[in-house]
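First up is the structure itself, then whatever we jot down about it.
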Amino acid sequence: MGVRVAIREQLAFLVVIAVLVALMILSVPVWIYVNQFVTQVEGRELALTASLKASRISAELELVQTSIITISSRILIQNSLFTFYDGNTTDANWAQAKGDLNSALSVGGLTGLLQGRIYSRNITGNGYGLLNVTGEKVPEIALPYPGANGSQIFLSDTAEGYPPALYPNITYEDLGRQNQYRNNTRAYAANAFDGVRISTNGGLLLGPLILNETTALISITVPIRYNQQQEFILGYMTLVATASSLISIRNSREGLGDTGLVLLVGPTEKSNRFNSSNAVSNSTYKPPTDALNNVPVNFVLPPNPLSGQGDRHDERSWSAGKDDDPFPMKDYPAVLASFSKQIAAPNNSSSMLSTNNEQGLPVAVGFARTNTALVNWTVVVEQAKSEADAPIETLRNIILGCVFGTAGLIIILIFPCAHLSVMPIRRLKSATEKSIQPPGYEDGYYSEFDGDETPGSGGISSRTQRSKKDGIITSIFKLVGYKPKEKPASEHDRDSTRRIFKIPGKVTDRKHFITDELTELTETFNDMSDELVKQYLSLDQKVLERTRELEISKKAAEAANESKTLFIANISHELKTPLNGILGMCAVCMEESDILRIKQSLKTLYKS
């Protein structure tokens, strides 16, 4: 026996399921499309922010490079170099060049240039520079190392005031031939480090030399090219500049949200470029997939943690003195992707919304390469993954809230509506169960069944009573595996079922504005009830007529029966005497053995 579920609950369940399916059909594509859209927007925002900051860094570096190249092209400086190569090594030879260079550095507050040094093009002259100049208006800048006597050293025109980390230790390589532009001069190449020539890639950038969390210095060394013949190198110039513009870019909050950080990552080589054995990707070259996994990199500028938030790079913080500790590229997948992949976007920019940093913390990042030949740096815009996922989680919560809120509202509204919808059916059912007696029948005929409420007796049917008992109790029985025995129907119930029937009562039919199948069914049911009443009334009349006819037939049969009895009595008296004579003659014949006497007796019998 199945579990009984009322039609009201079935209707409500059907409507709720239909609404949920419709909402699911709507919400799933919306979730997929909008989720992808939000993810793309978030990724593009991070990538664009990284690309813009990388472009700004490239522009700042190239601005300093251009300023140095412009200063190196000054005539007084080039004339002093020519005079030096002609044999004039006196200080007077450099007086005008020193004044010219000093005037260029005196506006360091605008250009950021603080200090400079000029090197020879070959082994001629002092290896620590032919001319050293510090700007007259240079502010007091403390260097991050003590002097020989342990005192604090400042950027100055003294020997210790030139930070060695920012000046290349140039070694000259004899090329074994004369200079192709000056036949009277030997050809030399200037190397800052093994395999790193100053004349390639437009110059050499050293640093940044980190002074504190807000100050750093960089230097750029460029060849001094003869104005009349650019291919001919007169010497080399190194100028030291502040990296305040780089720190300003790192600290600017545009496009970073609440948890964003700007990280500047580069190679551990002092030249700020990867060596040829670990070449990174460019427009024409892509390294093998795993070639750069273990190549060490470090933070060019120390990470700048946000106040009130946890430090995601506490293992390489400035306060711990470990900001320049290297780590393999594979520890930071975004850095590895930036240096190893060819991405068809400006500055090789892209994003990763689900990745980790070098400490294994979950983050979302955008990255982009600097577009300058001076350095191989990549800019990483890093956000906490929770912030990157916030729009997606908000969208998810909105969709789930709409789905379940709508479902809850439908559930609240559908039960009253379902109740009102099934009321005609319930009234029809109630009218069917609570039937009326046919007119013309005695109540006593049914009284013996009233206590038992047999089918059609005017009470609730036994089926309905059983259905009411079904439900939760039956469900519990089914769960525990118990099946109650059904009471077999008695002969009394079966007889009453065969003999008893009552006409269903009419259903109360209210005024309708809309006619539907239930309305038509109710009207048909009421018509059926009226027709049954009419049929019972006409049946009673026919029964009475038939009864009268039967009484007349009975009286006629009784009269015929009496006539028959009288006739038989009369005829039996008339026949009794002759028959006795015939029977006597037959007895005489039976006793005679003479044929003649027997024939004589039979003739007498015949005549009689």
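Cβ coordinates come from backbone N, Cα and C, glycine included.
Caution: TrEMBL annotation is automatic and unverified by curators.
What TrEMBL records for 12-34 (among others) is transmembrane segment.
Through the fold, the region 'Disordered' (304-324) approaches residues 210, 212-213, 250-251, 259, 261-263, 298, 357-359, 361, 363, 382, 384 of its own chain, all at least 6 residues removed from its boundaries and within a Cβ separation under 8 Å. Feature annotation from TrEMBL assigns region 'Disordered' to 304-324 (among others).
Annotation source TrEMBL lists compositional bias 'Basic and acidic residues' at 310-324.
If you look up TrEMBL, you'll see 398-420 (among others) marked as transmembrane segment.
Residues or ranges marked as region 'Disordered' in TrEMBL: 439-467 (among others).
Annotation source TrEMBL lists domain 'Signal transduction histidine kinase dimerisation/phosphoacceptor' at 564-607. Taken together, the residues of the domain 'Signal transduction histidine kinase dimerisation/phosphoacceptor' (564-607) have an average pLDDT of 76.
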Within the domain 'Signal transduction histidine kinase dimerisation/phosphoacceptor' (564-607), residues counted as helix, strand or coil by DSSP: 41 helix, 0 strand, 3 coil
